[in-house]
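Features of the protein shown, as given by TrEMBL:
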- 1-320: domain 'Aminoacyl-transfer RNA synthetases class-II family profile' (DOMAIN)
- Glu81, Gly82, Thr83, Arg113, Gln127, Glu131, Arg258, Tyr262, Tyr263: L-histidine binding site (BINDING)
Amino acid sequence: MTFKVPRGTQDILPEQSAKWQKVEETIRHLCHTYRYEEIRTPMFESTELFQRGVGDTTDIVQKEMYTFTDRGNRSLTLRPEGTAGAVRAYVEHKLYGLPDQPVKLSYIGPMFRYERQQAGRYRQFVQFGVEAIGSKDPAIDAEVISLAMNVYRTVGLTDLKLVINSLGDKEVREAHRTALINHFEPHIHEFCSDCQNRLEKNPLRILDCKVDRENPLMETAPSLTDFLNEESATYFEKVKHYLDLLGIEYEVDPNLVRGLDYYNHTAFEIMSTSKGFGSITTLCGGGRYHGLVQEVGGPDMAGIGFAMSIERLLLALEAEGKELETDSALEVFIVSMDDAAKEKAVELASTFRAKGIATEIDYASRKMKAQMKAADRQGAKWVLVLGEQELADNAAAVKNMETGTQEKVPFHDLVNYLQTH
Ligand code: ATP
Ligand code: MG
């Protein structure tokens, strides 16, 4: 009997996990400087939270959720995204009562969606996201976008495109909705069954349909931009102004709409423009939402956030041919030539590790030459050789693997030597 990882999931082996850690470190550092504090919510929530929070008409709720009934007969769902859980926690713990608003949260962790597997699309993937809840200041929209862009830039990506749009406010969306229904209704039989359902429930989502993308009615559909009222237009101008101030380039795409139902005003996506990138080019999606906090039982608070998957970030790096510099390097490998030397090696390894020096020793009773080879394979900066003579002298032979030079260093001086050379 043999086993394989479930379809759409992957093992991240040590060589890869060093890259993951580097990305996570970058993210944590940036979140710290931007003051988005981490929130950790459960991996599963009540199914109803996602039905309400993500929206009944979305692909996520309609086709992609891992829903199960637990032994207490509750319907639970593995989280398909992070916003619903973060907003639930914001309401449950009354974070809206904190004196400093907006509350700025970040999360990073696995999400689960039952999707068709393809490059850049997994059934378990890790999303990093932020939510700033409790402010309608356009400056926060620009801050959130700038944080997302900065994550990509800091890991070394350059082939990026930021696309933004305004979805307007409630009044705008209502007027646009009517226009959309009038536009699509006479021809709705030409569209997929999902779109036929969307016509009444959420016609905006027809524009987001991947099946009917080529239908000419998509091109001629009424654009949200033409419906923006003064308030929405002013808001959008301010967001763009702040982005200009921050030196962040963007393209306005009137056809950019987001799959989730609560989005209003600012919507944005960051794509990879690298030639090596496959057909899915979106790295990050986000936007402003209103009504979500109320929908899960809280007060009338607006928020803005984004989500990006680490998988796609790593794919983008690969497509650009960029290597992440990882710092998993081994500092010291201690070669021991007999049992007495092995004891000393165990002791020294413990001393070095306590001082934060990454150390490895031999656990396979290999000959000296084989141990030296292992040290080389593992990229050790130093090799310490311990044999009969070294024990008698209370000193180790220390070899610098880069230069090939060797020195005899007294045991009591080793830590100092390794730290200063
Ligand atoms: P798509 O149109 O690609 O299905 P989406 O609208 O479902 O995207 P969001 O829910 O906005 O995506 O998720 C935000 C980001 O999370 C995406 O831009 C992408 O980077 C990532 N993402 C979404 N689904 C997956 C997945 N199945 N595997 C890996 N990353 C994903
Ligand atoms: Mg999707």
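Yeah, the Cβs are placed from backbone N, Cα and C, and that goes for glycine too.
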In terms of DSSP three-state secondary structure, what is the assignment for Thr83 (L-histidine binding site)? helix
So for Arg258 (L-histidine binding site), how many other CB atoms are inside 10 Å of its CB? 21
Residues satisfying Cβ distance under 8 Å from Glu81 (L-histidine binding site), sequence separation of at least 6: Phe50, Val54, Ile60, Met111, Gln127, Gly129, Ala307
So for Tyr263 (L-histidine binding site), how many other CB atoms are inside 10 Å of its CB? 24
Out of Thr83, Gln127, give me whichever of these binding-site residues has the highest number of other Cβ atoms within 10 Å. Thr83
Which whole-number mean pLDDT does the model give the domain 'Aminoacyl-transfer RNA synthetases class-II family profile' (1-320)? 94
